[in-house]
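Structure, as structure tokens:
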Amino acid sequence: MHREPAKKKAEKRLFDASSFGKDLLAGGVAAAVSKTAVAPIERVKLLLQVQASSKQISPEARYKGMVDCLVRIPREQGFFSFWRGNLANVIRYFPTQALNFAFKDKYKQLFMSGVNKEKQFWRWFLANLASGGAAGATSLCVVYPLDFARTRLGVDIGKGPEERQFKGLGDCIMKIAKSDGIAGLYQGFGVSVQGIIVYRASYFGAYDTVKGLLPKPKKTPFLVSFFIAQVVTTCSGILSYPFDTVRRRMMMQSGEAKRQYKGTLDCFVKIYQHEGISSFFRGAFSNVLRGTGGALVLVLYDKIKEFFHIDIGGR
């Protein structure tokens, strides 16, 4: 007699629209704030990653490193060009991060139902990894065209509109869709899924796991939470960085008559053969600095959820 109501109550908790909506809001607001703050580093990282595949950047005009890029961008393109593509990035990142966080908690409920952390630690740990990876892969399917457009806008150099390849987000999507079809907006999607699972599994899983080991997870001091998040985002970013480099190189091919790479594997091989293994990590230090924004997202998300009095699911 008591089992059926309990089951319905569990289903209601699992698919609570109000809680899901608050998750979207909390994750989205935190993401928008942090991405705007680190937008200049984001652009430097993108340019260093794809300049070898960009027809707009000649070999002699390529950036020598992060410092050279930081100095030349305002001089050649204007100071506010550091935020070029930032609006598209915020639009893209809001649903991406919001969906990641929202789905993560729902997946946690699915994967971790009945799992005792003290008695089944490794099962609990793997459930955290699985929920993070599944959340990232699910949201990527929805927002990939926006991620693609943000990348192309971010590496579109030139001081004036007449020197740029795209006028804005809408123009970028329309031009690529017209020349390559919808498939062109999903160039590099396969390797993106691989990379996002690796990144999100460690990003969410390790953060939740480490925080869960603390005596009072919900009362963790801000600085401690930030330090944990910083270490997690740095390690996750370096681990998945080669996947990110390859996917962005693949993105650069859409809309081009002649393609440099036949596919993901060919891209991996050619980068290694012609540029060396270090090219997979070009811009990685910028990514470490950029990871500060990711760390802020994790911490702000918890604080925003506390503000809305949302249960953080045992963290």
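For all residues, glycine too, the Cβ spot is worked out from N, Cα and C.
Sequence annotations record features per position, and here Swiss-Prot assigns topological domain 'Mitochondrial intermembrane' to 1-19 (among others) based on a curator's inference.
Among the features that Swiss-Prot reports, repeat 'Solcar 1' is placed at 18-110. Residues of the repeat 'Solcar 1' (18-110) grouped by DSSP class, helix first, strand second and coil last, total 80 helix, 0 strand, 13 coil.
What Swiss-Prot records for 20-49 (among others) is transmembrane segment. Sequence-remote contacts of a segment are chain residues at least 6 beyond its ends whose Cβ falls under 8 Å from one of its Cβ atoms, and for the transmembrane segment (20-49) they are 57, 63, 65-66, 69-70, 73, 81-86, 89-90, 93-102, 105-106, 151, 154-155, 157, 244-245, 248-249, 282-283, 286-287, 289-290, 292-294, 296-297, 300-301, 304-305, 308, 310.
The annotation topological domain 'Mitochondrial matrix' is assigned in Swiss-Prot to 50-86 (among others) on the grounds of a curator's inference. Taking Cβ pairs closer than 8 Å, the topological domain 'Mitochondrial matrix' (50-86) reaches residues 35-36, 39-40, 42-44, 150-151, 153-159, 165, 248-249, 251-253, 256, 260, 275, 279, 283, 285-286 in its own chain, all 6 or more past its ends.
Per Swiss-Prot, the feature transmembrane segment maps to 87-111 (among others); the stated evidence is similarity to another entry.
A C-beta separation below 8 Å, combined with a sequence spacing of at least six in one chain, links Arg92 (ADP binding site) to Val143, Leu146, Asp147, Ala149, Arg150. Residues or ranges marked as ADP binding site by Swiss-Prot: Arg92, Lys104, Arg247.
Positions annotated as topological domain 'Mitochondrial intermembrane' by Swiss-Prot, on the basis of a curator's inference: 112-121 (among others). Across the range of the topological domain 'Mitochondrial intermembrane' (112-121), the DSSP-based residue counts are 1 helix, 0 strand, 9 coil.
Swiss-Prot lists 122-142 (among others) with the feature transmembrane segment, giving similarity to another entry as the kind of evidence. Under 8 Å from some Cβ of the transmembrane segment (122-142) lie the Cβ atoms of residues 95-96, 99-105, 107-108, 110-112, 115-116, 189, 192-193, 196-206, 208-209, 212, all in the same chain and six or more residues away from its ends.
Residues or ranges marked as repeat 'Solcar 2' in Swiss-Prot: 123-213. Sorting each residue of the repeat 'Solcar 2' (123-213) by its DSSP state yields 76 helix, 0 strand, 15 coil.
For the topological domain 'Mitochondrial matrix' (143-190), the model's average pLDDT works out to 88. The topological domain 'Mitochondrial matrix' feature in Swiss-Prot is assigned to 143-190 (among others); the stated evidence is a curator's inference.
The transmembrane segment feature in Swiss-Prot is assigned to 191-211 (among others). Residues 100, 104, 108, 124-125, 128-133, 135-137, 140, 144, 147, 217, 220, 225, 228-229, 232-233, 235-237, 239-240, 243-244, 246-247, 250, 264, 267, 294, 298, 315 of the same chain lie 6+ residues outside the transmembrane segment (191-211) yet bring a C-beta within less than 8 angstroms of a C-beta in it.
Among the features that Swiss-Prot reports, topological domain 'Mitochondrial intermembrane' is placed at 212-222 (among others), with the record citing a curator's inference.
Annotated repeat 'Solcar 3' per Swiss-Prot: 220-307, in sequence order.
Marked as transmembrane segment by Swiss-Prot on the basis of similarity to another entry: 223-243 (among others). Sequence-distant contacts of the transmembrane segment (223-243), counting only residues of its own chain at least 6 positions beyond either end whose CB sits under 8 Å from a CB of the stretch, comprise 191-192, 194-196, 198-200, 202-203, 206-207, 210-211, 214, 268, 280-281, 284, 287-288, 290-292, 294-296, 298-299, 302.
Annotation source Swiss-Prot lists topological domain 'Mitochondrial matrix' at 244-283 (among others).
Mapped onto DSSP helix, strand and coil, the motif 'Nucleotide carrier signature motif' (247-252) counts 5 helix, 0 strand, 1 coil. The annotation motif 'Nucleotide carrier signature motif' is assigned in Swiss-Prot to 247-252.
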Applying a 10 Å Cβ distance cut-off over all chains shown, what neighbour count does Arg247 (ADP binding site) have?
26
Remote residues contacting the topological domain 'Mitochondrial intermembrane' (112-121) - C-beta distance under 8 A, at least 6 residues beyond either end:
127-128, 131, 212, 314
